């Protein structure tokens, strides 16, 4: 399959250049990207496993007995049954660790390559899964979570970059969003594991946590077999190896134009110096704003927290632990299907259109969920079965609308908007912001649910409205544009051109 890209660009002197790239989509590059994207299963498995394990009685009795007692006390407010700062620390500690690890991972990714960062992440995840599976005390459980977080900081920092740099421009959206699909696969696997292990008394939760070893082992072995990206190889002085990899992934020896652009970008990178200092310069202001804004908006939709605690939310609606875990499996399968659909739409219809449609639908279902709970679920009553099912459907509709829009796009956009000279720093900021706000919202979510009650869904809905307007006004369309040309889009944008 081949396509032609005709790009208007500007040289450093402002002269117009016309260039035409011939791009082949080879089976090899698809296989490489699919293998790399499987790094998302680490993130997805943890997202799925935490909430389910937190509802298991054996787990609560061993580490959080006060939560177990409150959960089974009929006098406890429906919205407050799981409100515990220690319990939320079990979830958020991993992401606090990932926040700090991603800062260090930026240097490893830049100096030793994307591949090395992903391998390091896989090894940390292997170790963390073993520690958590063997945990005998709360401190040991939290140490395992911190080790897992370090692994997650490395993989989330490097995998989207690797995918973006390896993908041909016309399929960059589809192949990069395979990372989100892999997150979904990891989540479904975790939901299914929890459903099967909840009846293994008293150590089913150990099996759930320790099986994180499997995706970690797969990604570690996979990246032992994959090459590093051409951009990373050239940046580290391995130009001949970079040219060889570029020719292989593009399916042709005629890659000299793209190779020369990568060489020029590397020269610019070396002449500019420290990417952390340079990303603060005025000319990179648009990318810096997006590095904060896109991941921030993704997290204040409440998506990852609702995913963490979906089994808890479903129990809040009056369903049993068994029913809540079964429902999350159904959700995961539906999310996988719609994520695949979204990946195909992103390169066909463009990033902004998918952003806007997805945001509008997400806001609708959040408001409807809040309205239903505000109307029917009080502090001490039980929802009727019909209204409980309706509440579950509304939450599932919100999660699935995220899965084909803001889910994949929030990983794709930051991975493709940074020029090479600031790319590792920009992606590190992106991952740090994701980890920071997952940590904060994860730590306070159950308390917010206890105090805000149904109003919490209105809170998230308001942020979805703000972020939808933001992308409409400030994000340029990057569909089909080669990575080395994306920075030109900011120069012609009605708002951002003032910084040039």
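The backbone N, Cα and C atoms fix where each Cβ goes, and this holds for glycine too.
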Transmembrane segment range according to TrEMBL, out of 261-281, 387-407: 387-407
Have a look at 175-195, 238-258 and point to the one annotated transmembrane segment in TrEMBL. 175-195
Which range is it, out of 142-163, 428-449, that shows up in TrEMBL as transmembrane segment? 428-449
